[in-house]
């Protein structure tokens, strides 16, 4: 296998596999430690059998097993369990829980936190052991109606159990149980595996077969193997003297190295049939003993040890020397490592040349042995002149000589010359050249030459003639595999794919190739007929059909229809099967491996063998969006079926559809989003609440003077904005209430009027600037409403004063009024004295008798005479005439009773300005006094650090009444409430 050199060595999260292996005989749950209530993300089959719940029923329930609590469950134990989870501790409890059928059972519950590579607790492991037999019988409603016999039986059973508990156990038995429990349910932080991605680990005394040391060692063994393959035939054929200490030591060192290699093979990992790396020492030893151990042992026996002794029989020495040929079995090491070396092009070329030369060397040794055996006839002690050795000796001038004293033949070519000549002959024969200077003459030599030519022709044709074709036929998948890898590498290099993603791509290709062995399943199935293809698909998906009860009632035809639609995919660690937000268009069955479901960066479920995830297509009409990511933790094999294909089969097989929808339970439904709260978020909220609780609040009471002061400023600002934005701000109405004088006297033409200002912004009579001031003169409008009559008198005072710059106070208003009087003065100068005369007196009786004030219709007509204005003023109701101050700008055609002279108008305006300035000064002084008192109170309260109390109302501050002028009314002007008093009136 091309990918078999290293095996599947990508980092993977084998936490679930390790826990299942260690707790194979127990029941356990896995809960997420980062989500509120620690929901269950995995439960093994043992817990499902013990509790009676299906895995889908247990998922997302609390790891504290609160769903199994009942009326007999101890409340204190429940609280201790929750505290253990809150504190991320390890602990064990004896707790009474209820099965799904509400049967009470005593459990020995052990809790242990699982940490990741950052030492953060991410999971909780909860193991359960049924200890009901060791506890007292549970008293519930079902046991209250027992008969006397049943109670007697229970009493006997209790007595026996008590005796067994009180009887001292055997020491060995106790140690055995303790060690067994420690092996299966050890909950120490050093023993429990971590939940993280990690490369496959090996024990300390196990060597990885792909590590640098082992790779170097394999190349050394390869070189020594070739050395053995060369020297063993040479020593056997040419009978080299074993007394050569150097060669003897070298051979002994080689033998020791091969013995060390045997020891290392007992501690070296190997690749299993599924592509996984086997690091279990027991499996490694059994595998080596069954395969290459015997061959390696025979090739490492010290056959030269006999040569270390002197006076050894020549026959025995030759026998042991011949046994050295067994060392050629070391070539098996080359065969088993051949797939390692064939991955390199230069190594392939070197190996081919070495093989050709090695065969030529072996044939040369055999060729010399034949010549040496035939050149001297041991029976007659004569030399054969037709042997190739004799002919060679004659040709090179080193003939054989007979030693009469010793009775043996001596001389002849040297061993080096003989070996070179033998190798020369075999090479020319193998390459079909054959120069003819060395040729076979005897029958044996000719027979060997024929055999050598046959082998040589085949070897030559194989290695040099058709090497490319043979490799393509023998390693077609290998060539395709390397071609695919090269294409992928070029693609990744061309588009500069990141290193991490490149490694994932390469690992996925290697792992997929190791699983499929380079065989295109779809291509093979397309060759088969429909019936055979369906049978093959049923066989390929047999694990899904046999493990899930939803397929048990399916007919053969239904299974065949489903099997054809199933697809098998292989996922590498870290691969995402579903991204959050993408469409869920397939139903996935986990056959091997483990996956995790991640929602909002939290693990909400861990899926293993036999789990199903996806969507319930047969109950939903729309295509679902994945609410979480599904990521592979290890190498996974998934069998998936598309939504359309599944619905098509269910629509056709209606009977199976009902059974399928009823019996198939999804372990994880990606359509439904799991609602949870993170413990970290809850802690943050609690910290924020505590922080706000501990903060010192700097709030001021509602009745505090400072709050009242700022509230007053705010109200004044709002009212000022409202006053400037009124739709008809031309008329600033004043409510005037007439009331009798305090002394009770009635003065003709004089009344007491209370003027309450509607707009609380102004503390004195002011003029409001309107939009019409750009076209005509500004005038003040006031309504006088006496309280005495049934029908209140409404008097409008029309002022001829023009406001150019809007509302003003103090000297600013005086300045504006002065400019207005100067303009008015010019106007009055153009009016004659006769036209400005009118009746100024009014009969008091007439005013008292009438309930309403009638307006005097004054009409002014301009004559055509130069500068003379005629007046048809009638003086029948002169007492009711209005002053020029009461002139309304809106009544342009009204009749005017009289027109005062310019000096009187100027005097009136000055008096008004004077009064207003005094009022403003008095009001400002009062407010400054009030503000000073309030500031003093604030400073006093702040210094004492006590709760401020509501200030008492401030008494009214009377203002000095200015000197009266003739026909002057007394007004009482009210202003807005201040923080010091509810009513603050100013009389003048």
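Glycine is treated like the rest: Cβ placed from N, Cα and C.
Keep in mind that this is a model prediction, so the values were computed, not measured.
Here is what Swiss-Prot says about this protein:
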TOPO_DOM  1-217  topological domain 'Cytoplasmic'
TOPO_DOM  239-243  topological domain 'Extracellular'
TOPO_DOM  265-291  topological domain 'Cytoplasmic'
TOPO_DOM  313-319  topological domain 'Extracellular'
TOPO_DOM  341-346  topological domain 'Cytoplasmic'
TOPO_DOM  368-419  topological domain 'Extracellular'
TOPO_DOM  441-446  topological domain 'Extracellular'
TOPO_DOM  468-988  topological domain 'Cytoplasmic'
BINDING   550-667  nucleoside 3',5'-cyclic phosphate binding site
REGION    909-948  region 'CAD (involved in subunit assembly)'
Practice prompt. Measure the Cβ-based neighbour count of residue 640 (nucleoside 3',5'-cyclic phosphate binding site), defined as the other Cβ atoms within 10 Å of its Cβ.
Written response: 18
Response to the item:
Here the mean pLDDT of the topological domain 'Extracellular' (441-446) is 88
Fill in: Cβ-Cβ distance under 8 Å to residue 625 (nucleoside 3',5'-cyclic phosphate binding site), same chain, at least six residues away
581, 582, 583, 584, 671
Worksheet item: Secondary structure at residue 610 (nucleoside 3',5'-cyclic phosphate binding site) (DSSP, helix/strand/coil)?
Response: coil
Worksheet item: What counts of helix, strand and coil residues does DSSP assign across the topological domain 'Extracellular' (441-446)?
Response: 4 helix, 0 strand, 2 coil
Discussion item. Looking only at the topological domain 'Cytoplasmic' (265-291), how are its residues distributed among DSSP helix, strand and coil?
Written reply: 11 helix, 5 strand, 11 coil
Fill in: For residue 625 (nucleoside 3',5'-cyclic phosphate binding site), the three-state class that DSSP assigns
strand
Discussion item. Given a separation of at least six residues and a C-beta threshold under 8 Å, show me what packs close to residue 655 (nucleoside 3',5'-cyclic phosphate binding site) in the same chain.
Written reply: 553
Practice prompt. For residue 565 (nucleoside 3',5'-cyclic phosphate binding site), write down the residues of its own chain that are at least 6 apart in sequence and whose Cβ falls under 8 Å from its Cβ; none is a fine answer.
Written response: 641, 642, 645, 646, 649
Worksheet item: Looking only at DSSP and grouping its letters into three states, which state does residue 640 (nucleoside 3',5'-cyclic phosphate binding site) belong to?
Response: strand
Response to the item:
Sequence-distant contacts of the topological domain 'Extracellular' (441-446), meaning Cβ under 8 Å and at least 6 residues beyond its ends, amount to 367, 370-371, 374, 384, 386-388, 391
Item to complete: Count the Cβ atoms, other than its own, that fall within 10 Å of the Cβ of residue 580 (nucleoside 3',5'-cyclic phosphate binding site), considering every protein chain shown.
Response: 16
